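Participant: Could you have a look at this structure, given as structure tokens, before my questions?
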Amino acid sequence: MSQTLSFVLKTHSVRKDFVHSVKLTLARRRDLQYIYNKLSRTIRAEACPSCASYDVCPNCTSGDVPDDGSSTMSIPSWEDVTKSSTYSLLLSEDTSDELCPEDLVNVAAHIRKALSTQSHPANAEMCKEQLTFLLVMAEAMLPQRSRASIPLHQQHTAARLEWREKFFSKPLDFLLERVGVSKDILQTTAIWKIILEKACYCKSYGEQWFTAAKQKLREMKNFESDTLKPLIGGFIDGLRFLTVDNPNPMGFLPKLIGLVKPLNLAMIIDNHENTISGWIITLTAIMELYNITECTIDIITSVITAFYDKIGKATKFYSCVKALFTGFRSEDVANSFWYMAAAILCYLITGLIPNNGRFSKIKACLAGATTLVSGIVATQKLAAMFATWNSESIVNELSARTVALSELNNPTTTSDTDSVERLLELAKILHEEIKIHTLNPIMQSYNPILRNLMSTLDGVITSCNKRKAIARKRQVPVCYILTGPPGCGKTTAAQALAKKLSDQEPSVINLDVDHHDTYTGNEVCIIDEFDSSDKVDYANFVIGMVNSAPMVLNCDMLENKGKLFTSKYIIMTSNSETPVKPSSKRAGAFYRRVTIIDVTNPFVESHKRARPGTSVPRSCYKKNFSHLSLAKRGAECWCKEYVLDPKGLQHQSMKAPPPTFLNIDSLAQTMKQDFLLKNMAFEAEDGCAEHRYGFVCQQEEVETVRRLLNAVRARMNATFTVCVGPETSHSIGCTAHVLTPNETFNGKKFVVSRCNEASLSALEGNCVKSALGVCMSDKDLTHLCHFIKGKIVNDSVRLDELPANQHVVTVNSVFDLAWAVRRHLTLAGQFQAIRAAYDVLTVPDKIPAMLRHWMDETSFSDDHVVTQFVTPGGIVILESCGGARIWALGRNVIRAGGVTATPTGGCVRLMGLSAPTMPWSEIFRELFSLLGRIWSSVKVSALVLTALGMYASRFRPKSEAKGKTKLKIGTYRGRGVALTDDEYDEWREHNASRKLDLSVEDFLMLRHRAALGADDNDAVKFRSWWNSRTKMANDYEDVTVIGKGGVKHEKIRTNTLKAVDRGYDVSFAEESGPGTKFHKNAIGSVTDVCGEHKGYCIHMGHGVYASVAHVVKGDSFFLGERIFDLKTNGEFCCFRSTKILPSAAPFFSGKPTRDPWGSPVATEWKPKMYTTTSGKILGCFATTSTETHPGDCGLPYIDDNGRVTGLHTGSGGPKTPSAKLVVPYVHIDMKTKSVTAQKYDVTKPDISYKGLICKQLDEIRIIPKGTRLHVSPAHTEDYQECSHQPASLGSGDPRCPKSLTAIVVDSLKPYCENVEGPPHDVLHRVQKMLIDHLSGFVPMNISSETSMLSAFHKLNHDTSCGPYLGGRKKDHMANGEPDKQLLDLLSAKWKLATQGIALPHEYTIGLKDELRPVEKVSEGKRRMIWGCDVGVATVCAAAFKGVSDAITANHQYGPIQVGINMDSPSVEALFQRIKSAAKVFAVDYSKWDSTQSPRVSAASIDILRYFSDRSPIVDSASNTLKSPPVAIFNGVAVKVSSGLPSGMPLTSVINSLNHCLYVGCAILQSLEAKAIPVTWNLFSTFDIMTYGDDGVYMFPIMYASISDQIFGNLSSYGLKPTRVDKSVGAIEPIDPDSVVFLKRTITRTPQGIRGLLDRSSIIRQFYYIKGENSDDWKSPPKHIDPTSRGQQLWNACLYASQHGLEFFNKVYRLAERAVEYEELHFEPPTYASALDHYNSQFNGVEARSDQIDSSGMTALHCDVFEV
């Protein structure tokens, strides 16, 4: 059975070894038995539930299957089913028997039991997928009404409905791609149903669905194996020619050399340059060499034209490649060579890599392939099996399409006529596709299945035709009634009349029977004695027949349901002269539709009168029916004498006209004429027909024009048909109409200006337009003469019909045929041309059939081309122009020569009289045609001359100085300019440092202009370079020289006199090492037993080191101690040592950006196996500019955040020093127990929490609720007048019902988005500029704090302890020192930090309790509080607090204003800086914290580290702050990917450094976008003031002119710059006399320069008080501290005094009311007193405990102020 399994049993099987179904507890005891079961039954997909309890399951070997009650009949055994012919046909055996539906049901029943019980014998060879294919196959082959009996049909239908609901809304491209890669037959069927359903309703969904469905139905998802055959055959023929037919190489080599031209080719290649011009020159030379220039240009033009049509399909290639490897699983194979050979053979034949089920079959065939002979035999067996797999996939796909299309044949699915018509067209396309496959010799074994599929589609087509006919108007038949006495010969006359009307046998209807299944639908229908029964309503039946509305006949058989009456002629007989009484209600309708013929036989009547009672002799009847008298009544004559009264009153009042006598022949003619008249209709043609041409002339010239057009048709062998008048006759091409001016015509019109008989002679000169005197384009003329409708294949040939050949091609190879056919085709049709060429050569006796199929799929160009092919199988003539005609014969037909060019325009020019009648489109077409003709004549020469010019300009070498001027000292370039040694050095250094190529003259002129003070760009840059160079002018040293002349004291220069180059113009990608190594404190040397250096290792922490395997191989030592606990994963390894380095480096799985020496890294970071001197190593290829040496292995490659992502393990050596091999970091569990608490556990699975990807925690810390802000007792009634209110309190707050958790989640989502920031090289350059700028006032090597408690006391103790300890820091302190719980946490973190190990970077999340604008409260916007771990904060304070203090100490003059007191004279220094600027921009940013790029923050942290002492504490703090922060709330931990937490240590300084870096990057990019190279320090040319996201930029005119580009670059980095007042609009320069910075307006007042606090911030101090935590903020607090409240309001009055008397009086009244209602014990100051107190504090005369000493301290309860 296994050798005869069909495609449904072979395709998509999934191997699951039997041993996998056995429980692990029994594995050791039954190994031998399971091995036997594995070898004997390898294709089992699933084991039954009882298999685990038996060595050999009895259920799986039983041949009989008991009925489980699901079937209504007895089921034969599986053995009997396998012997049936239906099962044999399913297995593709060669038999001619038809499939039996009953056998199909039996097979399907067994399949259902096999799927349900899983102990069926079929399970030994079939998996679930194969059984499902069998059931779908049964569905496709059975009629739709019989499918309900198939088991699992309902389940499959439900599954398809679910797939339909899932995919119905998907776009067309998604469905087409999915149907190409899906391996689920149910899913494929559902997708096909969606595509076909939307194609049927394309009016609603778009025409592209119908077009795509038609195209996709003609495509098959298979690999065309025949394409390999001609290629392999050509190789064999070539090999035979070289070795057997022509073994003498002397005869072949000269031809080969002459063809290849190796010398010329070698010279071309030697002169090739890898540049654009070099490639153009080389390719042009090669095309010239092989004479393919013209055709190559044409091909390139065609490719460019079709590029945008093809680019949309490019993704299909990736999908196809990916589908080959989807689901592939490794197998435990023994004979690897034969498995590889079998897999390759399977791919070449089927186009698919074998999946696991097929791989099992391959293993069965190759089980004994242990020798070469047995392997070859097994491969031959496999080839036969593989050959069927390609066809099986085709039949599977056709089955799915058939099921999908047949399910659409449902009135509930396709309801309207348009959808039925499209369904009919799609069914015909699929039917034709299946029919084509039945003609394929390879598919012959599957013909029974294909015929059943065609039968199903025939049913769909028939049903659609019936549904169309029911809904459409039909032709009205003609009904004649032959009335007369019995025996006169009416019935015989009716039969004879039927033969004269049609060649078909007439249909017969008997109205005495109520079912009409015998009606055949032929053209003539006879109803004998139609009025013989009174029980039949024959009047209405006749009215229904003779009608334009469709008539559905009542049929009993199911297959005849919906049958329509379709006959053209109805002949009825009756013995009654009046079949319907005139008084009947239906008499008028009846007689209007019928014509009555009164039939009499005079011979019979006379015989009966003469001899009554005797039979009528045969002599009374004649064969020509001349014995009958046929009298045709007039219209609506109900009897011979009278006509129906129109009013229906007196039917005997109107006499009938005399009858018309006819014979049988004239009666037939009369009936035919009546049918034509009844169904005559006139339909107007809309629009302008594309293939209709009208030639307008006068009436007397019509005949002459007609003769001229016929002459043109004969001269050109044209395909058009000449018609006189607008009516069209049949034509294979266009139609040419001769018209008069008054005739209407829908087509292109041309006015004939010259028409005479003499014009016929002009046709000999091919001047068609001159002879006709019309002005038409050459394209229209070619289209008229040679256009062909559709594709026509002619098996018979008439020489007078053959066109004149333009090309004659003798086909000696496939390439000759393909090269010639390309002229006829568009670019899309060239692939079909090559395929057809293969078929013509391989099977020449089937040329017509194959060419018909090919031509139906091919699109031809609009150019007229005729080619005669002389092939081994005969002659093929192909003519194309829009469509194509082809003649294919098995004998020779010689028809060479003829027209070699298209018809030309003759002597008519656009300046003639016909030009005004020519439309503009034709005039421009004529122009473009002329330009194209000119280009075609010069295109080759133009390309060659262009390439020649490039080649000539390539070799223009500059003369090199010789002799005394070799070093270019002296005369240069023949200008007579001589330089001194110093001038020469200066000129060389200037060109080298600024990357210029100035001549001596230009250099001297530039130096002269710079000395004179010129202000142009070049002079300014030269002066900058000169000033930098002169800084080293005094770099001398006093030395004592002892020589022949004695002892001399001289000064010698210790350094070369050159400008100091800071490298500002060197980009990140251009930098080269070696430089300082990263993580210097964490890198150690690995040595051998003798102490010789082998490589490096990197400390990961806790005595664990990372290195590469070949470094630590053998006896390896670290710091004199042997390493231990070595573990490897590929080339990456880890080990332990008791020697611990002072610092540790963080590791991360990612792509590196820097090598160990600081140079940039270019890599794809895709691990592959590489062969090295140490063996094969799995690593990643990278390129850097640093040259490495032996012993560098193990050094770290880092990313932007300083994390180690790989280790150096090899290089390309001296030949390719830039090539590096890097081993990526992989996690190795060293089983170290964590010594510190950490919430975020990477080993836990990710979960989704309200849209955030996070880790679940063991404990839940909820977000604090309520607020401490309350309305003042003085404003319980009017608090709504204040612009601010306490922030939203959560879900119970009526102002905004948004929960606190939702607010936190919405605030965290921007932090989870990636923010790239500025480019790498730009950020790196600006970072160097900022470091140099800060170096002027920040000292180097600032020592870090070595005492943990000293660092702790530098922190603000009113803040949170972080996620590991609840409460604030001061809550865990006693007598000014931390308690045991806090001290233990600090000690654990400090111990790790002293080893340089990064700490967990985790924060607890809360919401800030503050006043917010009312509109933001209603939106639920609150600012988050990131509670930093107290241990991390202590370590960072120890590391960077000294650097931070040094930066903030210069806030008055530096770019960072952190630490400034805006109520001190410092504000005057800011005002002077602002006033000195040319343009001032005040900028604020929206959502600053969440839009920070991690790379920019890492660069700012590196700046702090640059000025530190680089101790392990600094390394730990730096690595901690660079790692991604983790936000902890509500029992989850979220690792964010961007942003800067507001609670990060030193957040104000880091934010301000970020601000400076962003602005510097934006300016740098804007300048260089204007082609201005930046070689100076930007921060020395403009001033900037930053405090976090607040900024004031003082730009010079140069920078202000590109401010739009600067702010545009800032936006491109992910920032959101806005105006300070948050108004909408571009950021523009502001008035320097009133600048807003830190919510202060810096302006001049009568008291001097002051920073005025925002008025709303002052006023809202009186409306709200801080008290106990509560949800009722509208009620005043229970307890008010009069001291702190009085101090708050006192300070508010002082700030109000700076705004003038009017505003102060308003505040004074509020203060008085507050004192009254709040029962305070202080007197508000007067205006003069407040002014005096504030000025005293400002100038430092009077000091107060609540004075704002720095912006980081609180005053005036600034948690209420929005500062």
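Including glycine, each Cβ sits where the backbone N, Cα and C put it.
So Swiss-Prot has the following annotated:
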BINDING   G484, P485, P486, G487, C488, G489, K490, T491  ATP binding site
REGION    981-986  region 'Acidic'
MOD_RES   T1040  phosphothreonine
DOMAIN    1073-1229  domain 'Peptidase C24'
ACT_SITE  H1110  active site, for 3CLpro activity
ACT_SITE  E1131  active site, for 3CLpro activity
ACT_SITE  C1193  active site, for 3CLpro activity
DOMAIN    1478-1603  domain 'RdRp catalytic'
Participant: Specify the count of other C-beta atoms within 10 Å of the C-beta of G489 (ATP binding site).
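Facilitator: There are 22 such Cβ atoms around G489 (ATP binding site).
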Participant: Based on DSSP, tally up the residues of the region 'Acidic' (981-986) by helix, strand and coil.
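Facilitator: In the region 'Acidic' (981-986), the DSSP-based counts are 6 helix, 0 strand, 0 coil.
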Participant: Long-range neighbours only, meaning 6 or more apart in sequence with Cβ under 8 Å: which ones does C488 (ATP binding site) have?
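Facilitator: The list for C488 (ATP binding site) reads V599, T600, N601, V604, L628, given in order along the sequence.
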Participant: State the three-class DSSP label for H1110 (active site, for 3CLpro activity), counting H, G and I as helix, E and B as strand, and everything else as coil.
Facilitator: helix
Participant: Would you please pick out, from the binding-site residues G484, P485, P486, G487, the one with the fewest other Cβ atoms within 10 Å of its Cβ?
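Facilitator: Across G484, P485, P486, G487, these binding-site residues, the one with fewest Cβ atoms within 10 Å is P486.
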Participant: Given the active-site residues H1110, E1131, C1193, find the one whose Cα is closest in space to the Cα of K490 (ATP binding site).
Facilitator: E1131
Participant: How many helix, strand and coil residues does the domain 'RdRp catalytic' (1478-1603) contain under DSSP?
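Facilitator: Grouping H, G, I as helix and E, B as strand yields 58 helix, 27 strand, 41 coil.
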Participant: Please name which of the recorded positions listed here, P486, G487, G489, T491, E1131, is nearest in space to H1110 (active site, for 3CLpro activity), Cα against Cα.
Facilitator: E1131
Participant: Under 8 Å Cβ to Cβ from C1193 (active site, for 3CLpro activity), same chain, six or more residues apart: give me those in sequence order, or none if nothing qualifies.
Facilitator: G1095, Y1096, V1108, H1110, V1111, L1207, H1208, T1209, G1210
Participant: With every protein chain in view, how many other Cβ atoms are within 10 Å of the Cβ of E1131 (active site, for 3CLpro activity)?
Facilitator: 28
Participant: Sorry to bug you, but what's the C-alpha spacing from E1131 (active site, for 3CLpro activity) to P486 (ATP binding site), rounded to the closest Å?
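Facilitator: Rounded to a whole number, the Cα-Cα distance is 110 Å.
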Participant: Cβ atoms within 10 Å, counted per site: which of K490, T491, H1110 has the most, among these recorded positions?
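Facilitator: When each Cβ's neighbours within 10 Å are tallied, K490 tops the list.
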Participant: Quick check: with G484, P485, P486, G487, C488, G489, K490, T491 left out, which same-chain residues have Cβ atoms within 8 Å of the centroid of the ATP site Cβ atoms?
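Facilitator: What remains near the Cβ centre is T573, N575, V599, N601, V604.
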Participant: Where does P486 (ATP binding site) sit by DSSP, helix, strand or coil?
Facilitator: coil
Participant: Cα of T491 (ATP binding site) to Cα of E1131 (active site, for 3CLpro activity): how many Å, rounded?
Facilitator: 102
Participant: Calculate the distance in Å between the alpha carbons (Cα) of G484 (ATP binding site) and E1131 (active site, for 3CLpro activity), and round it to a whole number.
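Facilitator: Between the alpha carbons of G484 (ATP binding site) and E1131 (active site, for 3CLpro activity) there are 110 Å.
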Participant: Would you kindly give the Cα-Cα distance separating E1131 (active site, for 3CLpro activity) and G489 (ATP binding site), rounded to the nearest Å?
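Facilitator: E1131 (active site, for 3CLpro activity) has its Cα 108 Å from the Cα of G489 (ATP binding site).
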Participant: How big is the Cα-to-Cα gap, in Å, between P485 (ATP binding site) and E1131 (active site, for 3CLpro activity)?
Facilitator: 112
Participant: At the Cα level, what's the spacing in Å between G487 (ATP binding site) and E1131 (active site, for 3CLpro activity), rounded?
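Facilitator: Cα of G487 (ATP binding site) to Cα of E1131 (active site, for 3CLpro activity) measures 111 Å after rounding.
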